[in-house]
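Contents: one structure, followed by commentary.
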Amino acid sequence: MWIPSKLTRPGRLHNAIVRPRVLELLQQAPYYKLVLFRSPAGYGKTTMAAQWLADKTNVGWYSIDDSDNDGFRFINYLLQALNKATNGNCNNAQKLAEKRQFSSLRSLFSDVFAEMVDFHQECYVVLDDYHVINNEEVHEAMRFFLKHMPDNLTLVVTSRANPPLGTANLRVRDLMIEIGNEMLAFDTEETTRFFNQRVADGIDEDTANNLRNYVEGWPSALQLIALQAQHQKRTLAQSAESVSQFNHAHLWDYLVEEVFDLLDADTRKFLMQVSVLDHFNDELVYALTQREDALGMIESLNRYGLFIYPLEGEQNWFRFHNLFGEFLSHERQARIPQQEQELNRNAAIAWLKQKSPHQAIRHAQKAYDGELVAEILNEFGWKMFNQGELSTLESAINLLEKDLLFSNPKLTMLRAWLAQSQHRYNQVGTLLAEAENEHKKRNIDLDIQYQGQANALLAQVAINSNDPEKALELAELALSQLDSTVYRSRIVATSVVGEVNHVIGRLDRALPMMQQTEKLARQYQVYHQALWAILQQSEILIAQGYVQAAFELQDSAFRLIEEQQLQHVPLHEFLLRVRAQVLWCWNRLDEAEECAYKGLQILENHAPSKHLHSYSMLARIAIGRGELDRAGKFIEHIQHLMKQSTYHVDWTANASLSLILYWQAKGKLNAIQEWLNTAVRPENACNHFCQLQWRNIARAHINLGQYDQARQALDFLQSEAEKANLVTDRNRNLIIEAIFAVHQKDENQAKVLLKEALQLTNQTGMVGNFLIDGATIGTLLEKLTNRHELGDLERHRALQLMKDISSNQRSRSVHFDEEFVEKLVTHPNVPELVRTSPLTQREWQVLGLIYSGFSNEQIAQELDVAGTTIKTHIRNLYQKLNIANRKEAVTTAENLLQLMGY
């Protein structure tokens, strides 16, 4: 007796979401022999096939179960499905099958194809859940069927495993469409539609994306999350926030029933053991399980659709689906808890054989094996340090028992270096002193090599603390103590000697020392030290006036970061910071802004105090664009950070420049005076950061009309810059001197200084420093070019500067800043409506941005406010200016700009 439901298409598709991206791929199905839906349980293979074929007329459906491994039973159901798909064109063959009147399945299929010769319509036969078939006779018959079936027939197979139907041959000949779990997994858009269809409150894109990523788009898991959210009356956002605490009981029950209990005991044990690894290859699995057939087992499980995925681009590396991995861990801890420590210990040893200490440490910690952790740190700690794996190292060292830590001087030295490398300089001396004391308690002698390493480290701390004399003394002492084999500390000591020479203005000595440091660091693969040396060279070259050479050297630093995967090391932010400063000086503000924001991303997990440089640059960029409101927000950040932390003069000088430029633009002379009252005045100015600080002081005095003090500061600046051959700083100082001359009403001297500055700019390319004072020097530049007082290169540079100054002024006007609005409303010819219905400053800004072509969304982003707030501002300004629409707003803004001479 045949069961009709086995030949019935699935119903209840009303709740399934439409999958256009999958359906689009299936449009070409009539031209293929086989359409294979292959994925693990719960990916919606059957639902997708049914949805796709719902509007097709000639479809036969066969739902397979375990009992269909009987050849007679299988062939009869298959022929009934085929007969249905062909409108009864296989009746004779079906009768032969029912009466067992055929010698072989091949001969029967030959009769079937002969009967179908007059049927030319497109048709489909579906074999649903083919993975339960393990009868080789059936497989062989289906291979014959696929090879010889007519072109108008397409076979559709759903299976958890790769069916033995000659799929490799079909794939090579492009006769098969394969829909795998990558296609069947929901993307974020489909996840959003799925939940919106099931949950009354709907779902936002971020929540949908979080949930989708957690379950890797697995539809069954998403369905269970939706049901649980409804049952517990929780929003999906709450479910997403606590997704790791999600009640997995129903999901685990599903996997036990649909997957795990169907496996033999040996395979279940294998999966539970391997699940201790996040990702794995056959060598790891062999070391863990001692199974000679490790690779065969992995490939077999992959073929059978057991949630094992090959890693893209990796040879014989695999991972479990996230949730299946969690499920296996749960089963492992429930069924074989006594093996947990041993498995993790074996996993640690296996990872060591793969030269992966990071993973080995993780498993050694899970095995609660402190001695193994210490062994790994001893052997691989410095290598991991050189590769930038600082947080992993620090957490491992912090978890060691005191006896394990202080029994090994190598580990205590590593601990101190970790503090230094993460800018905790004030802890280094304490850590070294504690280590020395603890080692003595344990009768451990600290040899001269240890002392040399400690001195090299303390030298680095001294230079970071702005004590170059002490740094040089310690670095030279370290070099006299250290053997050439202790290469890391020798590299650091050499670097410190170079940095000291940089700080004290001996650039001709500093550069070769840093080049030597880079060479040694690359030779011994101490890559973050090589990166540091490149950055120092870049700053030295900038100071010497070779800015283009510095820029190109920075490119090599970016390559090093990419090659050695140092993207998350704090020095990456330092590189972006120096690059942003060069780009700002070259007036490439968009690129400088991008660097500053990237720097903030890199430091997002570090203390907010480290963000000062990025905010200083962002404020300067906003000031340069005339976006004073935006700049004001960055200035607030800067002031807050400077109150909260103590900084090196390099940091405070950069931040102070942004503060002074902002106060200068806003006319806040009291703020400038307050800053000047407490400003640090370095004893010398033989390096770029002390030069910058003294330039800030000179600028402050000029703004306040304190010309005698300004003159003294400028004389000191240029004297120091000349002594240390700081070419780029001389260039910047000349511009400030020209500003001073303008304030002194000495136009001739101002022009002489500007001419000299332009000549130096041919080498340095520095234009940003001209532009920040464009309103003061613009007229002088015009006079210089008109009177042919400049050489060709200087004239070209001056014309470009005038163009940029004009563009910046127009930009500020379009942004309708306070100064522009004040001039506008007092203009004798301004329309009465503008005078009697004054707009707020924010409404003027919005009008300017509308004129610039910004959409509402872009305006909201530019001013960093909500879209609804922008709509309110637009409604208000339309009402006040009697404007009906955006077009009229643009016309009004244009008329006002023309009135002001723009």
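Numbers run from 1 along the shown chain.
For all residues, glycine too, the Cβ spot is worked out from N, Cα and C.
Range 856-875 is the one annotated as DNA-binding region, of 56-75, 196-215, 856-875 (source: Swiss-Prot).
In the predicted structure, the domain 'HTH luxR-type' (832-897) carries a mean pLDDT of 82. A count of other CB atoms within 10 A of each Cβ picks out Ser39 as the most crowded of the binding-site residues Ser39, Thr46. In sequence order, Phe37, Thr158, Arg160, Asn181, Leu184, Pro219, Ser220 are the residues of the same chain, not among Ser39, Pro40, Ala41, Gly42, Tyr43, Gly44, Lys45, Thr46, whose CB sits within 8 A of the CB centroid for the ATP site. The DSSP breakdown of the DNA-binding region (856-875), given as helix, strand and coil counts, is 17 helix, 0 strand, 3 coil. Cβ environment of Gly42 (ATP binding site): Trp218, Pro219, Ser220, Ala221, Tyr254, Glu258 lie under 8 Å away, each six or more residues apart in the same chain.
Residues within less than 8 Å, Cβ to Cβ, of Lys45 (ATP binding site) and separated from it by at least 6 positions along the same chain comprise Phe37, Arg38, Ser39, Thr158, Ser159, Ile179, Leu184.
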